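To keep things clear, I will list the structure first and then write my remarks on it.
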Amino acid sequence: MDYDYHFDLPVALAPNEASPEWLNRADNCWQLTCAAFVGLQSVPGLIILYGSVMKKKWAVNSAFMALYAFASVLLCWVLWGHRMSFGIQLTPLSGKPNIALSQAYLLQEGRGGYIPVATYVFYEFAFAAITVILLAGSLLGRMNFYAWILFVPLWLTFSYTIGAYSIWGNGFFEERGIVDFSGGYVIHVSSGVAGFTAAYWVGPRLSRDRQSSPPNNIIQVLGGAGLLWLGWSGFNGGSPMAANMIASLAVLNTHFCTAISLLMWLSLDMIVYRKSSVIGAVQGMITGLVCITPGAGLVEPWAAMMMGLMSGSLPWYTMMVLHKKSAFFQTVDDPLGVFHTHAVAGLLGGILSGVFAKPSYLRMYYTQDHKYGPGLYYGLIDGKAKFVEGLHQMGYQIAGALFIAAWNVVITSIICIFISRFINLRMDDEDLKIGDDAVHGEEAYALWGDGERMIPTRLSMTPRLPSICRR
């Protein structure tokens, strides 16, 4: 017996002009929420962290570098950056620059379906913005702000979009099946390497600032770090572009790996230095977040735990031991250790994702699963043929990391050299001695009596009228 069932959807759920049949409202809601979470990592997350972790005299400048970058990247992203990263192919490494502002473009079915392009544009903007802001961590306390104004759009255009298109946007490495779930290479290796390269060209802080640079507010450092940690739920949970099982797995793995990494870093600090460093714990938190990012929804929790143990120990070694012994690392001034927390941890995460990526998760996440994986571990278990495929996957993971690193060294160097022809990359020594007041004419803490010069603000000054206006 045949039955013909017919259900009438409630009016609020029925398709209409603003909600066509292809739109999944739940997925779109989740994606917009994730985009907001990623944005909050930068504004106010990294603004608070940067403004608090530097010396008092650099609090305003450090925070404002992040805020400026967020605004500048958004403008560049919608005018040309998004289409260069995810648009029609121009070269195997880049899409054609074009605006992402028209109704015809923004309100069509998005990448992977179920959400509009407008949601995808904003979500990916938040990724691009935080990459530039992370890079800024290597340049705090001495970069000329006017040089930073030029650096942000140039680096976004010629570096970030190339990495995004190559690995995510139907470019050279994406076509070959490289695994980078949420930006271990595109965001973290690129920001870590580019930041370190730019720090080389900008030059170091004043010697006394390098020798003694205490955070001006450790409590607020923890507040900024907390926003970064919780915001990572959107960072990794939004990558599937759907409120599905892979998103749930990604969120759980992200926090599990991060907690393990933080505790591992803290343990090493206590064993070696006999002190439980708060700043060290924040560094361990960051390396855990970074390491799990390229494989968050593709590995099992036990693998996430292994990644946490390694992200809390290997970057600790490169930062706390190798950095102090290496003359080259000592030459380049990287105030927040961005190279170690992002480049090293991102590379580690990308390699381990190639080892632990589970075939069934790869099939659920990628629509064209035949070109991805398996992870080397599962290839070893499943036999010789799969092991060879796992080796190929590891080859792509290594090649992708080398490409991102090399591209950022070259392009970042060219950008810095170009800017230096017009503007000094580094502030003058006299301005470096003063800090925020010399750069912005403002100070973070205007407390009378603790050493600041008493300069009246424009609002408190009595206006002096020109003689022609006086009676």
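Yeah, the Cβs are placed from backbone N, Cα and C, and that goes for glycine too.
No curator has checked TrEMBL annotations; they are predicted automatically.
What TrEMBL records for 30-51, 58-80, 120-140, 145-165, 185-203, 215-235, 241-266, 278-296, 302-323, 335-357, 396-419 is transmembrane segment. Among the features that TrEMBL reports, domain 'Ammonium transporter AmtB-like' is placed at 30-445.
At the 8 Å Cβ cutoff, the transmembrane segment (302-323) and the transmembrane segment (241-266) share at least 3 close pairs (sequence separation 6 or more) and count as touching. Long-range contacts of the transmembrane segment (335-357) within its own chain (CB-CB distance under 8 A, at least 6 residues past either end) are made by residues 53-54, 134-135, 137-138, 140-141, 179-181, 184-185, 187-189, 191-193, 195-196, 205, 213, 283, 286-288, 290-295, 298-300, 303, 306-307, 310-311, 314-315, 318-319, 323, 372-378, 390, 393-394, 396-398, 400-401, 405.
Beyond the transmembrane segment (30-51), the same-chain residues lying 6 or more positions past its ends with a Cβ under 8 Å from any Cβ of the stretch are 59-60, 62-63, 65-67, 70, 115, 119-120, 122-123, 126-127, 129-130, 133-134, 136-137, 140, 220-221, 223-225, 227-228, 230-235, 237-238, 241-243, 247, 444. Outside the transmembrane segment (58-80), and at least 6 residues removed from its termini, the chain residues within Cβ reach (under 8 Å) are 39, 42-43, 46-48, 50-52, 97-101, 121, 124-125, 128-129, 132-133, 136, 139-141, 143, 145, 148-149, 152-153, 156-157, 216, 435-436, 439-440, 442-445. Against the transmembrane segment (278-296), stretch 241-266 shows more Cβ pairs under 8 Å than any other of 145-165, 185-203, 215-235, 241-266, 396-419. Touching of the transmembrane segment (396-419) and the transmembrane segment (145-165) is concluded from the presence of at least three CB pairs under 8 A, sequence neighbours closer than 6 excluded.
Summed and averaged per residue, pLDDT over the domain 'Ammonium transporter AmtB-like' (30-445) gives 94.
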